[in-house]
Amino acid sequence: MGETNEISSAPITPRPVDAASRPPAVAVPPAQYQSGGKDAANTNKTPKSLTPKSRTPRFITPIGSPVRRALRLTRLNPQDAWLPITESQNGNAFYAAFHTLCSGIGIQALVFPVAFTFLGWTWGVICLTVGFIWQLYTLYLLVQLHESPETGIRYCRYMQLSNATFGYKLSKILSSFPILYLSGGSCVAAIIIGGSTAKSFFQIICGATCTAKPLTMVEWYLVFTCIAVVFAQLPNLNSIAGISLIGAITAIGYCTIIWVVSVAKGRLPMVSYNPVRHGSQTEQVFDILNALGMIAFAFRGHNLILEIQSTMPSNEKHPSRVPMWRGVKGAYLIVALCLYPLGIGGYWAYGQMIPEGGMLAAFFGFHRKDLSEFVLGLTSLFVIVNSVCSFQIYGMPMFDDIESQYTRRMKQPCPWWLRAILRVLFGFSCFFVAVAIPFLGSLGGLIGGVSLPVTLAYPCFMWLKIKKPKIYSPIWFLNWVLGIGGMLLSVVLSVAGVYVIIQTGIHANFFKPQ
């Protein structure tokens with residue numbers, strides 16, 4: 001009993017010299033993993049005056065070691081109880097699958113057939129398969145790295161793991177912009193896609209004889225943003241599990257409708273599967289690299305995996321990586337069943353004739369007159385709902401980062417009214433960017449190259465730094481090859497994206513969404 005009282009009376013968070021700079025401690029269950037942040041590595045260094053002296057003799061190691069380990073693991077970053085990512089931690093494998101599906105299937109997957117026009121059948125399928133296996137492997141690494149049994153640290157955000165691997169300053173350079181785009185940029189893309197599809201949906205429902213005055217594209221963006229901001233008031237990531245489920249169902253729905261209709265209608269007349277080759281040999285090489293960037297851009301969502309896993313309870317006996325990986329495997333089985341039919345079926349149906357907008361543009365462009373208004377309207381509605389749901393899950397890390405600035409300075413949780421105001425301001429900031437840069441989707445190849453290290457390279461280096469596998473072992477070689485290969489591929493794809501934009505140009509209709 002004496003030992004038990006001594007352990008339970010230990011301070012949860014070591015108190016530094018400047019005690020006023022930290023919020024009050026939050027009680028957690030024994031043996032729970034602590035959250036890793038910027039100073040996570042330093043939290044294990046407990047001042048001697050604050051560490052209770054164990055009465056357990058050192059020679060009783062079977063008892064003493066677990067007790068001391070449990071005591072170390074009870075320390076927690078108290079801000080986690082105030083922030084949207086870690087505010088609620090009662091998720092499970094099903095919730096993880098919902099979130100992973102909603103973030104893993106996006107409108108970007110509809111451009112796979114466009115990439116196939118430059119790669120051809122064989123290399124298109126090979127590149128799609130290699131990309132899928134590669135990103136699934138790095139996803140596995142992130143799930144395993146989420147919590148460290150050795151130190152008791154739990155990395156609940158991608159930037160926290162990046163800080164622990166590369167250092168605070170270097171991680172800001174390497175990770176901040178890609179993660180900022182993958183979160184905030186995806187919210188902007190959701191407004192662009194959702195708003196433009198809402199306009200098409202209204203035209204389908206209203207019909208050719210409709211006399212109602214149509215809204216402008218900016219007004220449709222505004223309508224979509226208002227809807228997205230209303231749902232953004234849900235407090236934390238765990239509370240939007242139902243939203244993610246709806247987003248996953250609608251994504252599967254419109255992907256399935258599009259590829260099934262395209263295949264059922266048969267190949268277009270005079271369709272050709274010869275890879276597109278125009279210009280000099282240098283231009284052809286850059287076109288191929290830009291196509292690889294399109295495929296890489298579709299494999300997004302890795303910047304959310306650690307955040308999704310942080311919604312689960314975790315301790316030494318029941319680590320969160322077990323149910324998380326179970327949910328991820330189920331989710332990515334469904335992702336594969338959506339991506340491969342889109343790429344292969346779409347290219348079979350349209351070949352070189354597929355428009356730059358991908359399968360969605362081909363669906364409405366070639367089959368608008370062949371299909372019933374119900375099918376067209378249902379597909380459009382699925383895209384709109386999925387865009388609203390994607391806005392929520394990709395916006396949550398941004399809400400978390402914004403609110404962390406307040407909690408760090410004010411040493412208290414963000415009040416509900418301020419949280420609502422901040423999320424509204426973020427939503428309309430994305431609306432402004434969407435109106436200002438409505439051609440953001442045409443930069444897919446370039447953006448895919450820039451954000452590729454977050455998905456394919458950084459997790460390999462993180463594993464090498466944190467897990468420290470045996471030098472020259474197979475896993476050591478594999479991660480070095482994939483990490484360096486991912487960084488080189490990122491540079492090459494980024495250069496290719498810039499080159500293609502300069503050569504072909506883009507319709508830079510600033511503040512003129514169409």
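Any Cβ shown, glycine's included, is placed from N, Cα and C.
Heads up, TrEMBL stuff is auto-annotated, nobody curated it.
Taken from TrEMBL, the feature compositional bias 'Polar residues' applies to 1-11, 41-54. Taken from TrEMBL, the feature region 'Disordered' applies to 1-56. Feature annotation from TrEMBL assigns compositional bias 'Low complexity' to 15-31. Summarising the annotation, TrEMBL assigns domain 'Amino acid transporter transmembrane' to 90-502. According to TrEMBL, the feature transmembrane segment maps to 110-137, 179-202, 214-234, 240-261, 330-350, 374-395, 416-437, 443-464, 476-502.
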Residue numbers, six or more beyond the limits of the transmembrane segment (110-137), whose CB comes under 8 Å of its CB atoms: 255, 258, 273-276, 287-288, 290-292, 294-299, 302, 332, 336, 339-340, 342-344, 346-347, 350-352, 354, 356-360, 362, 444, 455-456, 482
Residues of the parent chain within Cβ reach of the transmembrane segment (179-202), under 8 Å, 6 or more residues beyond its termini: 106-107, 158-159, 214-215, 217, 220-225, 228, 300, 303, 364, 377, 380-381, 383-384, 387-388, 390-391, 394-395, 397-398, 426-427, 430-431, 433-434, 437-438, 440-441, 447, 450-451, 454, 513
Residues of the parent chain within Cβ reach of the transmembrane segment (416-437), under 8 Å, 6 or more residues beyond its termini: 184, 187-188, 191-192, 195, 218, 221-222, 225, 228-229, 232-233, 235, 391, 395, 398-399, 402-403, 406, 510-511, 513
Contacting positions for the transmembrane segment (240-261) when only residues 6+ beyond its ends and CB under 8 Å are counted: 91, 94-95, 98-99, 101-103, 105-106, 109-110, 231, 234, 331, 334, 338, 341-342, 345-346, 359-360, 363, 367, 371, 375, 378-379, 381-383, 385-386, 388-390, 392-393, 396
Beyond the flanks of the transmembrane segment (330-350) by 6 or more, those residues with Cβ under 8 Å of it: 93, 96-98, 100-101, 104-105, 109-110, 112-113, 115-117, 121, 124-125, 128, 132, 136, 139, 248, 251-252, 255-256, 258-259, 262-263, 265-268, 271, 273, 298, 358-359, 362, 366
Same-chain residues near the transmembrane segment (374-395), Cβ under 8 Å, at least 6 residues beyond its ends: 99, 102-103, 106-107, 182-184, 186-187, 190-191, 193-194, 197-198, 200-201, 204-205, 224, 227-228, 231-232, 234, 237, 240, 243-244, 246-248, 250-251, 253-254, 257-258, 261, 304, 360, 363-364, 368, 423, 426-427
